[in-house]
Every structure is written in C-alpha cells, then in structure tokens.
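For reference, the structure discussed in these notes is given below.
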Amino acid sequence: IYAVGQTVTSFLFILKEADLVLGGDEGDECTYSKGYMKRQAIFSCLTCTPEGNAGICTACCLSCHDGHEVLELWTKRNFRCDCGNSKFREFSCKLSPNKDVENVENSYNHNFKGLYCTCNRPYPDPDLQEQEEMIQCCMCEDWFHEEHISLGSPNEIPRDEEGEPLYEDFICKACSAVCSFLTLYPKTIRATGKQPVASVATGKDKSVLEDIPPKDEPGKLDNDVCSDTVQNNLVADMNHDSVSDDKKFVVGESSQSNDSSSLSQSIANSNGTCILGVDWMAASIDSESRPLFLSKNWRDVLCRCDKCLDMYKQKHISYLLDKEDSIAEYEKNAKQKREEKLQKREGAELNFFNNLGHIEKMEILNGIADFKDEFRSFLVWH
C-alpha cells in the first residue's frame with residue numbers, strides 16, 4: 001500500500017510540474033494565431049527537423065507529432081509555433097495549416113538539438129549514471145551543469161541550509177558580458193549566501209537597497225560558449241561595454257547613504273534622471289565577465305530612464321524590464337490559472353450534483369463507497 005501511495009504521490013507531483021511548464025495551456029489549439037508569445041512551453045521534433053531549427057507548441061506536439069521523437073524544451077520567450085512551415089518540408093500542421101514560410105523573430109540554440117551547457121551534452125546524459133542538476137540562464141535560456149558555470153565550486157551557488165536556491169535568476173558567464181552595466185548597481189541585486197531583496201522604497205524613511213557584499217571568486221572556464229540566441233544578436237553591441245580597468249566604479253559603495261530616495265524617485269519617474277547617476281558607458285566597468293546570481297525583485301530596480309531604455313533596446317534585452325518574462329512569474333500565472341479551472345470545475349460538478357434528485361444522489365454516493373472498498377481490497381492483495 002505504501003509503495004502504491006508513493007507512486008500516486010509521485011504521479012501527482014509530475015502532473016503538477018507539467019502543469020507549471022505548460023502554463024495552463026490545455027493543448028487544444030495551436031498558439032500560432034497568438035503571435036510571438038512572451039513565454040510558452042516549446043518542443044522540438046527531431047523526427048521532422050533533425051537539424052534542430054524549429055519549435056512547436058503544446059497542441060501541435062500532441063496532435064501533429066504523436067509518436068515522433070520530441071524534445072521538451074521547458075519554455076522559450078518571444079516564440080511562435082513553427083509546426084508545418086517551410087522547415088517541415090511536406091509536413092503540414094493539422095491545427096493551423098496556413099502559416100508564414102518562416103517565423104523570422106524566432107531564436108534557436110543547441111537546445112533544439114537536445115544539447116545543453118558549454119559541454120554540449122544531452123540531457124539526460126546517457127554516459128552518466130546519476131544526472132547532474134542544471135541551472136537555466138535567464139538571458140540565453142540555455143541550461144548549465146553546476147560545475148560548468150565558471151565558479152570555483154558549486155558550493156558558491158547561493159542556497160539555504162536545505163539546498164534550496166536563494167536567487168531568483170541566473171545569468172551565465174558569457175551573457176553577463178552583455179549586461180556588465182549591472183555591476184554599477186548596488187551589490188544587493190546579487191544573491192549571496194543570505195538572500196537579499198532588491199526592492200524599491202515606498203516612503204522616505206525606508207531603505208531602498210542594503211549593500212551586502214557578494215562572494216565574487218569566479219573560477220576559470222575553458223569553453224566559454226554562450227547559446228546562439230544572445231551571441232548572434234549582441235556581440236556587436238558588447239564594444240560599448242569594453243572600458244579600461246584603471247578605476248572601477250560601483251554604485252552603493254561610495255554613495256549608498258544618499259541613493260535611497262533618489263533611486264525610488266527615479267524609478268517612479270520612468271523617463272527622468274538615470275538611477276546610476278553616471279554615464280555608464282564612460283564609467284569603468286569590470287571587464288572580466290562572471291556568472292551572476294540575482295536576488296528577488298532585481299528587475300524592479302533596473303533604471304528606466306530614456307538613456308537606459310535605449311541601451312536595453314540596442315542590446316536586445318528589453319525583456320529584462322518585463323516582470324512577466326521571468327519563469328517565477330510564468331509559474332505564478334500558471335498556478336493561478338490552474339486554481340481558477342479547478343474552482344470552475346468544482347462549481348460545475350456541484351451544480352450538477354445539486355440538480356439531481358434524492359435517489360440519484362444516493363446512488364452516486366453508494367457507488368463511490370463501493371469503489372473505495374474495491375480499491376482497498378485491491379491494494380491489500382497486491
């Protein structure tokens with residue numbers, strides 16, 4: 001009985017996790033008509049596109065590619081379903097056959113071939129008996145083994161005593177070069193052993209950012225490879241961040257006491273004075289890229305002045321300002337959708353039951369009781 005109970009519990013956990021990944025998508029219609037969605041579950045069919053240059057939505061995975069070799073890619077941002085377009089040759093989508101020849105705004109990396117990390121290995125890895133935990137970069141959306149993220153030791157990953165993550169987002173070493181301007185913000189946007197919360201003050205007497213020094217002791221990584229998604233778009237822009245090392249400027253170390261009110265005011269006035277208070281392109285930024293673990297609500301702290309907004313646009317990283325872009329927000333919305341569906345379903349079932357006559361109600365209740373007895377007997381004998 002205990003073993004069966006554990007199996008049922010595990011099955012329910014898998015269903016719950018799957019529901020979070022799917023974001024409440026019932027998988028009954030192709031998402032192509034919704035355009036480039038902020039975030040959705042995406043799959044890659046190696047049977048149809050072995051070169052790994054196309055992605056399909058949940059509904060097409062279930063309806064059009066049943067029995068094919070399909071990879072689950074978790075979620076992707078700003079993606080539109082490719083099923084049945086020119087990349088699938090003669091194959092036609094059953095749910096939405098009238099599609100453009102190609103979705104030009106889609107981005108693809110080696111994940112679509114079933115490969116991950118700088119080591120370019122599959123997951124699960126057939127050469128490993130025990131699979132290693134992997135962490136997703138919130139920018140290139142690739143997944144990395146803990147030992148390959150360019151830290152001296154996996155123990156440097158911010159976790160609590162039970163091993164749970166103390167960070168909201170992770171940025172890999174290669175992608176951190178694209179957003180080197182983050183080093184100009186107070187260090188509290190970076191998660192350390194104890195979780196700091198990057199938040200904006202709501203009153204003059206409240207502190208905005210408490211400066212907690214991070215543990216920045218990065219190790220060396222032989223193969224510094226970022227997924228094609230970010231590299232192809234942003235390598236040309238990285239020259240803007242290449243500045244000398246003669247003098248390092250870090251906001252918060254020298255002017256932390258007067259930043260509280262000015263930061264909150266600048267964020268409230270989205271197009272006003274730059275939060276950083278300096279010309280970040282002229283300021284000296286640490287040229288050595290290193291992985292970043294970012295604390296809760298770090299996106300809320302990012303400057304939204306005209307100059308910074310233009311910088312995000314040039315670097316193709318405006319999505320960092322969108323809270324709904326994060327996996328945490330995506331899962332939060334998925335949970336909310338699931339609860340609403342359950343309440344709606346329970347309400348419909350209750351209305352159906354209440355509309356029955358007394359005899360029908362008793363027959364249903366007796367049937368449920370008989371089923372419970374039969375199920376208990378089955379568990380005892382098996």
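All positions are counted from 1 along the displayed chain.
Just so you know, glycine gets a Cβ as well, placed from its N, Cα and C.
Listed features, source TrEMBL:
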type	residues	note
DOMAIN	28-98	domain 'UBR-type'
ZN_FING	28-98	zinc finger
REGION	200-223	region 'Disordered'
COMPBIAS	203-223	compositional bias 'Basic and acidic residues'
COILED	320-351	coiled coil
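Confidence for the coiled coil (320-351), expressed as mean pLDDT, is 78.
Note: the domain 'UBR-type' (28-98) comprises 13 helix, 20 strand, 38 coil (DSSP; helix = H, G, I, strand = E, B).
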